[in-house]
Ligand SMILES: Nc1ncnc2c1ncn2[C@@H]1O[C@H](COP(=O)(O)OP(=O)(O)OP(=O)(O)O)[C@@H](O)[C@H]1O
Ligand SMILES: Nc1ncnc2c1ncn2[C@@H]1O[C@H](COP(=O)(O)OP(=O)(O)O)[C@@H](O)[C@H]1O
Ligand code: SF4
Ligand SMILES: [Mg+2]
Ligand SMILES: [Mg+2]
């Protein structure tokens, strides 16, 4: 079964009177409660919690009980994913910006090429959207001795989501992070994708357990990089900045930033409105600021939302729309960056 | 230990703003609820438990402000005497740096926020939450178990993708016994400023139909209103006017005022009366 790492309740950091409380420096290892001291042997080393530097270290107890040595499941995951050529994460610090929409568009667009085998994996455990967007509502997963088989929504397009495992489609998944990590590991370890050219991975918003887990479990299999999605307004950019910072910390290459919901053209009078106004320069300025490629802007189009709700491919249905062109440009740019001959 | 958290000792009403889906406008609804209540003369506090994506400091134009420590606890940032704000954003030095925390750490921070913030007397405490049903939600539900909150306002956008996630959130509310005060359908339709034609960019009626199907109170629709964003973004250049003054002139205000009035008309009892302190 899944080995979930132990979690220690965090002891609270108290501040002195008159002080301006600030977040204390954070440990590199997210299981620890205090930063690793200078001569730390490494919280996962054999000596963790026992070496000289551990005396007086606030993490001593946690470190003594952390599993030692490399995670035994990592080689299994690496082996499993060795048949997957390109692995792309879709990320954003902000919710509702279009991560799942983009994941499904990427999946549709790639799978339109008969030569490619494509997989889409949904790591948004509390709010899974991929089954609906890819038209696989009501499917369930087939489990066998050798693992789980993905749900196929096309000859060359398979997918996996927790939604397929729920007793009732509206069940709430009230899980703490530690439990989600276990499922994510299983998704990586036990799903039989077979040979894939692309695995696109949808994530929830934020920088927490899911993000840490997927990046650490896939460290050795190698992630090509992340497609980061934003909308133009600063409230979104603010969170996306944090996500890019996370990518840097976790050594994930940012393949590019795409700005979604950029402007709306009235179908009646063709007048353009900036619904989410880019008061601070939008995605393009952020990309420049952070030194990452900007892959383009996709306008608001009510038909995108509708085709997501019905599980049809917007790209097939409205190939002539400006949004479709913009999305396909992003897909091409992505394929270029991961070194796939288009 | 069947006691409400210490910081809530003088807080008369507690309202949570929840949605399973991200980006639907929880923080915007939190902001508008607070501004509307302040405009009616109430003393309001806003607690932001979205730790990895705190929007509340920006919404109130308070980025860069700091929390202070006093002998009574953490002093929230005051926007005016009647409006106090607490967010993890005030504890982070660099607005671009990420807070990469696993569950237990988030849990500890929320616990500390509930025990240590010195709100003093409040008529309303509004709690903004991140999307989902995970660590933050489980923790706040545990912390409020004996605090007798008024209940929660659910927010959705009209399309099915969002409504599906909100159904999950409703199941969560039922599990943890949060009363649902009602649901707001946000970003419902956009009126073109040039030709007045309304386009349902994120379709329409999803939230209203959900309420009908589940027998929940529908609080109303809020259209997509770029002037709200504009107000948030330009609050820097003001001439002696407060954000509350600006909001009262904003086109969203009238509709939102009606929504809040519905909740006020419930005359929910002051939670302090029901607690044996
Ligand atoms: N009725 C509206 N009209 C126009 N813009 C809106 C409306 N409601 C919300 N917005 C904008 O949509 C964006 C997302 O809203 P907000 O940040 O409040 O969502 P949220 O649910 O808190 O998201 P998250 O899950 O990431 O915390 C913001 O830029 C906000 O200003
Ligand atoms: N360019 C767009 N125009 C119109 N609607 C869009 C666009 N991009 C996304 N949407 C809609 O916005 C909603 C939120 O997108 P979603 O992909 O679920 O966000 P996330 O996965 O980031 O939470 C969906 O209903 C989607 O159909
Ligand atoms: S207890 Fe030892 S191993 Fe753990 S963080 Fe401290 S010094 Fe490093
Ligand atoms: Mg999503
Ligand atoms: Mg928010």
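We count from 1, first residue shown onward.
Each residue, glycine too, has its Cβ placed from N, Cα and C.
All annotation found in TrEMBL is predicted automatically rather than curated by experts.
The ATP binding site annotation in TrEMBL covers B:20, B:21, B:22, B:23, B:24, B:25, B:26, B:27. Shown in sequence order, B:155, B:157, B:184, B:186, B:187, B:222 are the residues of the chain, 6+ apart in sequence, with a C-beta less than 8 angstroms from the C-beta of residue B:25 (ATP binding site). DSSP assigns residue B:25 (ATP binding site) to coil in the three-state reduction, placing it in neither a helix nor a strand.
Around the Cβ of residue B:192 ([4Fe-4S] cluster binding site), 19 further Cβ atoms fall within 10 Å across all displayed protein chains. Residues annotated as [4Fe-4S] cluster binding site in TrEMBL: B:192, B:195.
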Would you mind sorting out which binding-site residues among B:20, B:21, B:22, B:25, B:26, B:195 put a C-beta under 6 angstroms from ligand 1? B:22, B:25, B:26
Cβ density check for residue B:24 (ATP binding site), other Cβ within 10 Å (all protein chains) comes to 28
Look up residue B:192 ([4Fe-4S] cluster binding site) in the DSSP assignment and reduce it to helix, strand or coil. coil
Are there any residues in the same chain, six or more apart in sequence, whose C-beta is under 8 angstroms from the C-beta of residue B:21 (ATP binding site), and if so which? B:131, B:156, B:157, B:161, B:162, B:165, B:166
Name the one residue among B:22, B:24, B:26 whose Cα is closest in three-dimensional space to that of residue B:192 ([4Fe-4S] cluster binding site); these are the binding-site residues. B:24
I want to check the contact list for residue B:26 (ATP binding site): same chain, sequence separation of six or more, C-beta distance under 8 angstroms. What comes out? B:17, B:18, B:19, B:128, B:129, B:131, B:155
Taking the Cβ of residue B:23 (ATP binding site) as centre, how many other Cβ atoms lie within 10 Å? 26
